[in-house]
Amino acid sequence: MPTPSVTVMKAQMGEHTLTTRLPGRIKASTVAEVRPQVSGIIKQRLFEEGSRVEAGQPLYKIEDESYSAAVAAAKASVLQAQANYDLAIIEADRSVELFSTKAVSAANRDKAVATRDAAAAALQAARAQLTTAEIDLDRTTIRAPVSGVIGLSTTNTGSLVGAQQTAALTTIRVLNPVYVDVTQSANDLMRWNGGGQMQDYIRSAEATMILPDGKSFGPKGQLKAAEPQVEPTTGMVTLRISFANPDFTLLPGLYVEVEMPQAAEKNAILVPQSVVMRDVRGGASVWVVDGGKIAVRAVTILGASGNNWIVTSGLNAGDQVVTSGFQKAQPGAEVQIAPAEPAPAAGPKEGN
């Protein structure tokens with residue numbers, strides 16, 4: 001019976017960075033709900049739904065006739081108050097001068113001074129009312145509070161809106177950048193962070209977004225912040241990752257996965273997942289060619305790297321790991337070695 005032939009790869013020791021894949025959903029970095037600050041009838045909608053708008057851009061116009069009239073009335077009140085104040089100054093100055101010559105009583109002088117001070121206060125109140133009226137008039141033009149992409153309008157021309165209403169007229173979302181909020185075990189975070197400060201981890205961590213079709217989103221994400229507390233019931237910490245989205249490819253609500261770095265394993269070997277066998281208890285092992293015969297090696301697997309497993313013990317650099325020919329051989333059997341396969345390349349790794 002001919003000696004069976006197997007294909008092997010030479011184990012190579014190297015450093016590999018583990019990552020873990022965390023699920024989450026895209027969310028806008030800013031969400032601004034647009035509401036009226038004055039009441040009235042919507043006269044005009046000034047934007048195209050679904051378009052990009054800039055901060056300060058007019059969005060709606062409320063009928064402003066009554067507000068314009070209020071400004072005119074407030075201006076008239078200021079003029080009247082100014083005239084009263086000017087007259088009160090003259091009367092007060094005259095009374096003070098006459099009192100110095102004993103031509104008027106102290107009571108008359110005090111009354112004139114009080115009238116002047118009251119007129120000054122009335123002028124200030126009139127000016128404040130004018131400012132309020134002008135603010136209300138300006139608010140009849142509803143403007144975008146932030147730059148972003150505007151959604152659908154919930155109201156139509158001719159509709160009555162109120163300053164105290166809870167329903168938003170529309171919503172603006174800032175889509176560049178976008179955020180993905182994920183949760184991860186606080187124990188894992190401390191382990192990945194090497195026992196250092198979380199802020200150092202935040203500054204250094206980069207993330208890769210995996211889209212629903214399994215492809216990676218181009219720009220790398222940056223871990224922006226971590227919730228400064230651990231959820232006591234779950235032991236989890238919320239992480240916020242920011243991704244640049246200049247073309248608005250990513251939309252809020254989209255389900256994605258984010259690959260986050262864990263730690264670097266300096267002395268590890270990559271083997272194809274297809275060569276690792278499991279026993280009934282889940283223990284992992286591989287076949288190697290040792291002295292021309294098949295030998296079984298129990299291995300410790302740290303995590304996955306694409307289609308490869310990261311092995312941290314059980315193999316040594318230079319070991320000949322069997323990659324094919326299992327059907328024709330068995331442990332302890334003599335085998336012939338076919339040309340060796342190249343060792344898997346190092347790269348980002350996915351944790352358990």
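Each residue, glycine too, has its Cβ placed from N, Cα and C.
Just so you know, TrEMBL annotations are computer predictions that nobody has curated.
According to TrEMBL, the feature domain 'Multidrug resistance protein MdtA-like barrel-sandwich hybrid' maps to 31-172.
Annotated domain 'Multidrug resistance protein MdtA-like alpha-helical hairpin' per TrEMBL: 72-140, in sequence order.
According to TrEMBL, the domain 'Multidrug resistance protein MdtA-like beta-barrel' annotation covers 177-260.
Secondary structure of the domain 'Multidrug resistance protein MdtA-like C-terminal permuted SH3' (267-328) per DSSP (helix as H, G, I; strand as E, B; remaining residues coil): 6 helix, 39 strand, 17 coil. Marked as domain 'Multidrug resistance protein MdtA-like C-terminal permuted SH3' by TrEMBL: 267-328.
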Counts of helix, strand and coil residues, the domain 'Multidrug resistance protein MdtA-like beta-barrel' (177-260), according to DSSP: 14 helix, 36 strand, 34 coil
